[in-house]
Every structure is written in C-alpha cells, then in structure tokens.
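Now, the feature entries from Swiss-Prot:
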{"type": "SITE", "residues": "Arg22", "note": "site 'Transition state stabilizer'"}
{"type": "SITE", "residues": "Lys29", "note": "site 'Transition state stabilizer'"}
{"type": "SITE", "residues": "Arg160", "note": "site 'Positions MEP for the nucleophilic attack'"}
{"type": "SITE", "residues": "Lys214", "note": "site 'Positions MEP for the nucleophilic attack'"}
Amino acid sequence: MKSLFLSEKIYVLILAGGTGSRMGSKIPKQFLELNGEPILIHSLKRFQNWGKQKRIVLVSHFESIPKIESICASYLENEDRIVQGGENRHSSMLCGLSVLDFKDEDIILVHDAARPFVLADELDSLCEKVRSDGIATLASRTSETVLEELNGKTVSFLDREHVWFMKTPQGIRGDVLKELLTFSVDSIPTDLCSWALTFGKTSSIVESNPLNLKITRKEDLDLAEVFSSLFQKISSDI
C-alpha cells in the first residue's frame, strides 16, 4: 500500500432517495422532521460540523431536487453538488460517483440520509481504515442471540461474536474504486461493501455507536426522537 496520503481529498455522497413507502408516509423519509428539522438536515450537519475539508454530493430523485435545494442551500459550500439519482440505491451511488474527479489517494464516503446519528470520531476512524485497507464500513455488534430460520422454524444459531450489523458511512479509497468501476455486475448490490465483495474485496470494520440507526419505519422515527438527546450527550462527552 502507498504511504500516508497527505494530499488526499474527502468526498461524501449522501444518498437521499427514499420514498417513504415503508414509513407509510406520502413524504419521503429524508424530509420528515426530527426535533423540528428534516432528517436530511441532521445527517448533513454531521458532516458539515465534522471539521474536515470535504466535498459533499447529495443524490436524490429528480422530483425531490427542488425541495433539497430549498432546505439544504444554507448548509452547502460552493463545490458541493445536488445530483439526480437512479432507479435503485446502487445506480444512485454511481450517479453521485460520476460527478467526482477523484484521485487514487482520495477517500469517498457513502452515507444514508436516513442515518442522522454518526459521530465525528467514527468518521475519523473510518477514514483511517480506508487509508490503510482500501475499503471500510461502520458496523455494530449485537448482544442478542442470533438465529437463522426457515419457514418460521429455527434452523441454527449464529455465533454472535462474528455477527455485525452493517451501518453507514461506508468508505473506499480512490484507487480501489477505480478498479471496481471497471467490472460489470450481474445483480444489483445492496451497498458499497457488497459490491466490493462481489469481486473478492473484503471490507474492514469500524465499530459504530449504538444509536446509528436507519430511520425507515414510523417506530424508527419515534426511537430517533428519544435517541436525539442521548446522541447530543455522547457527542459532547467525546
């Protein structure tokens, strides 16, 4: 691997293409309010307040772009972009990547807009892993017993010491991403790490804070209201 990349740039793709269908809402989930502000704004603020120089690209459905321009304008810098996404998460990620002029040493982070509780020190640790290992993701452990089922019946129990729940951001170094982009896929990957694994590239894990949930359903939004004050506390304690 190359030595430390002192001239690297950091790019952040925030995928904001949710429709709100699983939420049972006509309003896309990224626009639903959490403590008086859209969820998207909470997620955007996590990166704007990070303290690192970075370029942010927001990716969304065409019909949502005017709304994003309206609510996010004051949080975006001159080089930040809002771009139209694709038909699914992977194609939307590719749309965001297509506007980046990244180099081999650069770091690209991909984050779900519906995850508003990521910590700055986690972002630092993730970037360190990406520098050294090429691909990395935030993930969390479980204290629960994990089982596998088939047709509603228990089949086996998994060793929870080796079970992690995938989170975002996920990150990739520019040289590794360039290689991935040369391959064609037979099926649609669910995220950056599954895309990489399709071609034999494993991802390193950085442990995430326990509040880093993805707001997908109404009960998630209810939890997020509770988590918000806890998140502010752990953010200030670090």
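Quick reminder: no glycine exception, Cβ is built from N, Cα and C everywhere.
For the pair formed by Arg160 (site 'Positions MEP for the nucleophilic attack') and Lys214 (site 'Positions MEP for the nucleophilic attack'), distance between Cα atoms is given as 21 Å, rounded to the nearest Å. Cβ neighbour counts within 10 Å, taken over all protein chains shown, single out Lys29 as the most crowded of the recorded sites Lys29, Arg160, Lys214. Between Lys214 (site 'Positions MEP for the nucleophilic attack') and Lys29 (site 'Transition state stabilizer'), the C-alpha separation comes to 10 Å. The DSSP secondary structure for Lys214 (site 'Positions MEP for the nucleophilic attack') is coil.
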